[in-house]
Amino acid sequence: MAKNLKLNIKNAQIAEAINLSGLKSKLAKKKEEESTQKSSAAKSTSKTTKTEVEELPKEEAPRIRARSKSAFAEAPADQSSKEITEEIKTSQDEESISREAAKVIEEKSRMKTSAEIRQEIFGEELSQAPSKDSSQELEFAEKIKTNETKPTTFIEPTIASPAPAEPKSLVEDKTSITHVYQNQKRDIPIRESLPPQEKLGPTGKHMRDFIKPKPQPERVSRPLEANNSNQKEVSEANKEKLDKNKIKPKSKGFEEPKVLTADDDARKGLKSPKFKEFKDIKPARKPETRQFDARDRQGLRTSDEDQHWRKKKNKQRQNIQEDTTIRPTSLKVRLPISIKDLASEMKLKASQLVGKLFLQGIVVTLNDLLEDETTAQLLGQEFGCEITIDTAEEKRIQITDKSIREELQQSPTDQLQLRPPVVAFMGHVDHGKTSLIDAIRKSNRAAGEAGAITQHIGAFRCHTTVGDIAILDTPGHEAFSAMRARGADVTDIVVLVVAGDEGLRQQSIEAIQHARAANVIIVVAINKCDKPNFNPDNVYRQLAEQNLLPEPWGGQTITVNCSAVTGEGIPELLEMLALQAEVLELRANPSMRARGTVLESEMHKGLGSVATILVQNGTLKRGDALVFGLLWGRVKTMHDEYGKELQEAGPSTPVEITGLSGLPEAGQEFIVVKNEKEAREIANVRSEGARQNTFMLQQKKKVSMENMLQQASATGKKMLNIVLRADVQGSLEALKVALLKIESDKADLNIIFNGVGEVSESDVQLAAASKAIVLGFHTQIESHAEALVKQLGVQVRLHNIIYHAIDDIKVLMAGLLEKIAQETEKGKAIVKATFKSSQAGIIAGCQVIEGSIHRNNYVRLKRGQEVIWKGTISSLKRVKEDVREVQKGIECGILLNNFTDILEGDIIEAYDITYISQEL
């Protein structure tokens, strides 16, 4: 049905285009005048054509869709019909009626039906229209081939692309078909057939518009005259192609686009463009075949029905880039390592590692460090990576994992030599340790000490009758516990000095514990045997209580009665020390690299960092490179206890050295390395590791001055900030420990900075900014910092004795506490009457019933049991005289300060306020 409707529309368009209705009317008039010799074929043809034209509706043709196969979809029908009508009129004027009459008979035999004309012009297939038998169609086609003459020529234009052609190319070659009806001749121009309209896409263009043609060889432009001369040959060639197309049914499949040549450009009057080479980026699509569906079964689909609306739009596929990262299956890392660095090594995102650890209950951030070897390895297994810990750098910076004793055990016996014993004198304060050492050395060291107490660890090399002895003098004060522990660690023998008149005290017992912890032999020297109240049996009993059974009581602990003042018992003490050293067989290897311990360190004004060290094994030479924990150094100078310069120091020799990068902590071990460069590298790596550890601690517990002040204010405690300065590292450590032992529920101590050396400008500025007090121990203020102290008003406290410094700090902490107000009752008065005064207000007429009321007393007004008001007395009068005090039983007038709500019967109580200082 739809096919027939389209054919009817096309017939109407053809009839309107060639003005077929006017021609038919003229032909009908001519046919009536013709003779009876007309053939039946012509009559049937005219009747068929007439009936078909008459049956066509004369309505306006409906709008043709853009995708229709009609040739008139490309060009307006009105324009083409006007051109054809004008040509028909001109041809009618030029040709005469006589020429038509001569060829009437010839044209009668060649008359065709309108359907055949449409098939010739448009090449359409009339599958559904009524048609003749196939044999008749073949005979008619052969007849058309034989009867075609030169006046009728059809030229198929060469189309370069499926885009609409220009209007002037719609009719390229116009020929005249001569018809003679009743001695009348007329040339009817036949419109050139156009290819059927291709189906267009949603953009209004065919797919071939987007396909670039293949590059062709360079075109050769021909002159226009040559093209005109060859026009006949082209027409003949096109006619042969048209003949073939009449027989062969037109294929509806995909057609390759025709390449436009230079001849075609010349024929259209176009200039030949420059040749541009291009590539076919997007290949042509294959023709899509439609499946047989339900509409085909029901006969509802036509062959040319548009299927584009059924096609789903191909969504643009997102260019998903595949992850081509090659992740390692094994990895060697060095601990500690941050999460970010580990993720970079594993070629992963840091968030992946953080997520895995979070699932295991470990909350970390990108910059957190992993220190646990097991955690790092398990994390690697989660991502298929085997992680091993690189310990090569640790071993390098550790230098050696063997202790001094293990090195000596592995050394050849022929290289080992006897060394002097290292003896530490320990005991309670004021029991005579330093005096006993002076008696052995025949010196007067104790006289030069502040407060007659030792506050530094001293190291000496003594030459005695029994041989050389290295002596360490340790402080006996309770604050110097760490010093005593260090002395016990590096010594071979501990001499416990006990005053015979006092016995064992707290620090004496502590010294015994340090010696036992260090597994050191203890020799007890009972001092002060020259005093009348000397009682060695009491000391024996106390030693037995500490599991040190003395020899006089059948034990193994050696005891010697001696006196530092008279020198009694000192030779026996030296003999016992030599005997113990012989029993221990103390040996060392002088040919090895030097190793030892830092006993003390201080900041010298001219020499910089100075350290007192004890060489325990090997030989230290001037110029050697050392490593002290995080510091390094190169020995520039080396002196003994007398200030004598040395070139080398053997085992069991205490010396002072300079040339250090910083101030080493007391108790640190040192070791000699190959050169200064290696020492610097090792110290830098250690410092970096320590810095990372410090950063981790700060991340876990962020502490700042503001936070501490807020915490102190939240708990209601006062805070005393202190900047500490001491002459040596050991004294600084002892002072810091002693200060932190001060306990109080009302005030706290905060050491914001501590260092070795003199009080500097930076210390004063820091104290001023943090409202702190500068405490110096055995040190002074720098000359250029004194003016700054006065300018900023900073308190600087300098002390030489440690317990004086501690007592001073306690007083300062107590001064921070607010004083407690205490009220003392003075007297009472009862209000008998009230008087109004225009100037003063209400005056209370009172009688003192208890004590006395003074003019400067504080008063409170009570009404019943409730205190109504507290304040001061503005005026106190007796009759009309101002008085300072009113005694019991006397009437007076009292004017309260800024209070007038006084009633008869109120009681006025007088009291004084005293402020009492709090204790820690």
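Cβ atoms here come from the backbone N, Cα and C positions, even for glycine.
On a predicted model such as this, the values are computed, not experimentally measured, just so you know.
Range 427-434 is the one annotated as region 'G1', of 427-434, 531-538 (source: Swiss-Prot). Checking Swiss-Prot for region 'G4' across the ranges 395-398, 527-530, 619-622, 903-906 points to 527-530.
As annotated in Swiss-Prot, region 'G2' covers the listed stretch 452-456 rather than the other ranges in 117-121, 382-386, 452-456, 762-766. The average pLDDT for the region 'G2' (452-456) in the predicted structure is 51. According to DSSP, the secondary structure content of the region 'G1' (427-434) in residues is 2 helix, 1 strand, 5 coil. Taking each of the binding-site residues Asp430, Lys433 in turn and counting other Cβ atoms within 10 Å of its Cβ gives the largest count for Lys433. Broken down by DSSP into helix, strand and coil, the region 'G4' (527-530) contains 0 helix, 1 strand, 3 coil. Its Cβ taken as reference, Thr474 (GTP binding site) is surrounded by 30 other Cβ atoms within 10 Å in the chains shown. Of the listed binding-site residues Gly427, Cys529, the Cβ environment within 10 Å is emptiest of other Cβ atoms at Cys529.
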